[in-house]
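Visitor: One structure follows; several queries about it will come next.
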Amino acid sequence: MAKVAIGAGHGVHTPGKRTPAGEREWSFNNKVVTAAVRHLKKYGIDVLRLDDPTGKTDVPLTTRTNKANNWGADILISYHHNANNGRWGNWGGTETYYYPGASTGLALAKAIHPSIVGVMGLRDRGIKTANLHMVRESRMPAILIEGGFMDSTIDIKVMRDDDNLEQAGKALADAIAGYFGIRGQAKPSKPSKRASKSISKMADEVIAGKHGNGHDARRKSLGITQAEYDKVRKEVNRRSGIKTASKPKGKSIAKMAQEVIDGKHGNGHANRRKSLGVSSSVYNKVKKEVNRRLTGKSAVYSKPKSFSVGQKVTVKKSASKFATGESIASFVKGNSYTVKQVKSDRVLLDGIMSWVRKKDVY
Ligand SMILES: [Zn+2]
């Protein structure tokens, strides 16, 4: 019988591990893990839970890996939710870690990561390596999943819907069963890809015009019930409401920093500060955040810069070659273009229809 050791990261009282609104990381992790355990058992898989299911104790990492090793688990899954800087921002996505060089960890990650991405409907940050205790000290193939960002205004909407966390747990169990080649024990009624899309993702698509015009046509294109469509519509309206209601004052540091990076406030600190209409002390915070974002310093892991389709970016003056090797013409440098497509290390820019490395744009 397949043996799976699985744990929700941290405990409910672990300091720091919470959203900017105070919700606990363990609670999100626990909902996914609890659902996964239930579904794994339906497959007849033996499960050992590594964290305290009441959340009261943050079981030390060494205790967790010792438990899994002594029990002789076949695989280990550690489930977490990510954080960037603990303040709300528009970063986000799902990522999965394995120990550097561990090919069995990579194979496990490949078997599971796409399912979690599919259910959460968030940005796919990919499969990565990191020297983390849970994947290093376990003797079996091990992965650590970060379902979404607790300080992401995008991800938190998905994470706050218990149904999404339940679906992530089920998807995790299904993928684990698939990894072991086990079939059939769980209920065969797998939700269709469309039905499992989050409200947030469907709203994105509607805003992006992927489902045409007219409510009935959109609902059919999305393949959802009227009740679900009403939720999507509400979310679409809510988002457009936020955009038109945003006042220049009271903007978050993160938002102002992004605008500065996007070039919306011109050049020179004095000009930018005036354009933003903020005090010097507030502007200094914005400046710090801009530098942090541009250099990637003080991030938890060194994360690649994130770009999204539709975003305007500027080609750095220092850039010399396109991602495909050709030289970048001088008129392109310093010019701004809209991102048409995003790949791991490059973006496709509209207008010039060329791939430029992420490090060469800002
Ligand atoms: Zn965590």
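Each residue's number is its place along the chain shown, starting with 1.
Just so it is clear, glycine is given a Cβ too, placed from its N, Cα and C backbone atoms.
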Visitor: So which range, 1-23, 70-92, 323-345, gets flagged region 'Disordered' in TrEMBL?
Guide: 1-23
Visitor: Which residues of the same chain, at least 6 past either end of the region 'Disordered' (1-23), have a Cβ under 8 Å from a Cβ in it?
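Guide: Answer is 29-30, 32-33, 36-37, 40, 44-52, 55-59, 64, 67-68, 71-81, 83, 86-88, 134, 138, 140, 144, 150-151, 156, 160, 176, 180, 182.
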Visitor: Under an 8 Å Cβ to Cβ limit, what residues of the same chain, 6 or more beyond the ends of the domain 'Cpl-7 lysozyme C-terminal' (253-295), are close to it?
Guide: 85, 87-90, 305, 312, 314, 336, 362
Visitor: Tell me, what is the mean pLDDT of the domain 'Cpl-7 lysozyme C-terminal' (199-241)?
Guide: 84
